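J.: Quick one: the structure is below, questions incoming.
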Ligand code: PFF
């Protein structure tokens, strides 16, 4: 094997690891994606399936992924190869790492385009452009942005550069400082927004929408979307969390850490929903209006509240940062692979991987305005444009299947004693986890897939 000597960095403490992994998990997936897919998929029943996926599939697989990363202490390709060898299994498991690196680049290509929109909204808020917005003018403003390819390209490039810049500097210098202040600030601001939403008179209706399960609204596709989103929002199934685990100190508890991360991630998503849906109902907006939901609802609110331009600017700055602490984890696996296996410096590797994602992102930018297409994909799933295609390909297929492979590896391929050593749990808890990762999580992923693809 051609792995450079492991003189690797480590997070300074368990708290920093929790913050960094939460920074990866909490991002556009929580604040932008969760509310709009919940709207598109009919509310409560979708949220329930999503929460079940987080608890029965996401949490056990996150423990497995962190555990593999910390034991391998390398990029995902070499970690999988090394751990397979340690248990006398096929080196082909390295493929799982490769697919992860690819998924990270594919997700990054559209993630930075959407993050670019949030950068634009920082300016819009600061310039006072939210004042007096109505449902119509807010929608028109958002559509106007999508029709400006050059502006979108500039924003996409700016965000791609910001990501590469941090990754180039390495985990400590680049990342630790950002997360310590930003995560708590985001939390606080979301709380203020939920408080404001509670004054609109539509809060109860929103809670009903979010938490009252009406299973007649649940389609086979919604179930698969909920499963995919559980992986996306927790950054699972592609080696990002494995990478972060590889920098984790040996003495930190993987189980406790995982629970905290999953809890915070879920809380932020639900709070984003509770902040946005009252505004949707109060302004007669469409719940299923798609990816523009965040960019249409919240500006209306900021236009109305006291010191709205100030709070609006602050809010969108925090969303940019939430996206930033996530995007760095998307290109970290590829960057670490190149740094650990070639003569490239870490910074060159980071810029190279970002450049590849950026190129594909240029096509995504165009797909929002000048270049649109739609075609059927995998039977029942229909895609609408390149963004949709990449989103469905990665979130709905690559991440859950990557997660399934991680579960199978941790539960069936790796020797039990290694997993036991690494997780360091009391027997009873280890057995519960082991049973779940061997049987429940894989079976659920497979069943949900077969059901959604119309097999039963
Ligand atoms: N979890 C991030 C979010 O919710 O925005 C997105 C993400 C980051 C997905 C890193 C996958 C990943 F590896």
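Placed from the backbone N, Cα and C atoms, the Cβ positions cover glycine too.
Sharing the feature lines straight out of TrEMBL:
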type	residues	note
TRANSMEM	12-32	transmembrane segment
TRANSMEM	44-64	transmembrane segment
TRANSMEM	93-114	transmembrane segment
TRANSMEM	150-168	transmembrane segment
TRANSMEM	180-203	transmembrane segment
TRANSMEM	223-247	transmembrane segment
TRANSMEM	259-281	transmembrane segment
TRANSMEM	293-324	transmembrane segment
TRANSMEM	349-372	transmembrane segment
TRANSMEM	392-414	transmembrane segment
TRANSMEM	435-454	transmembrane segment
J.: Quick one: do the transmembrane segment (259-281) and the transmembrane segment (150-168) reach 3+ CB pairs under 8 Å, ignoring pairs fewer than 6 apart in sequence?
T.: no
J.: Would the transmembrane segment (293-324) count as touching the transmembrane segment (44-64), if touching means at least three Cβ pairs under 8 Å and pairs must be 6 or more apart in sequence?
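T.: Counting Cβ pairs under 8 Å, fewer than 3, so no.
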J.: So what's near the transmembrane segment (150-168) in sequence-distant terms, Cβ-Cβ under 8 Å and 6+ beyond its ends?
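T.: Sequence-remote neighbours of the transmembrane segment (150-168) are 108, 112-113, 115-117, 119-120, 174-175, 178, 320, 323-324, 327-328, 330-332, 335, 346-347, 350-351, 353-355, 357-358, 361-362, 364-365, 368-369.
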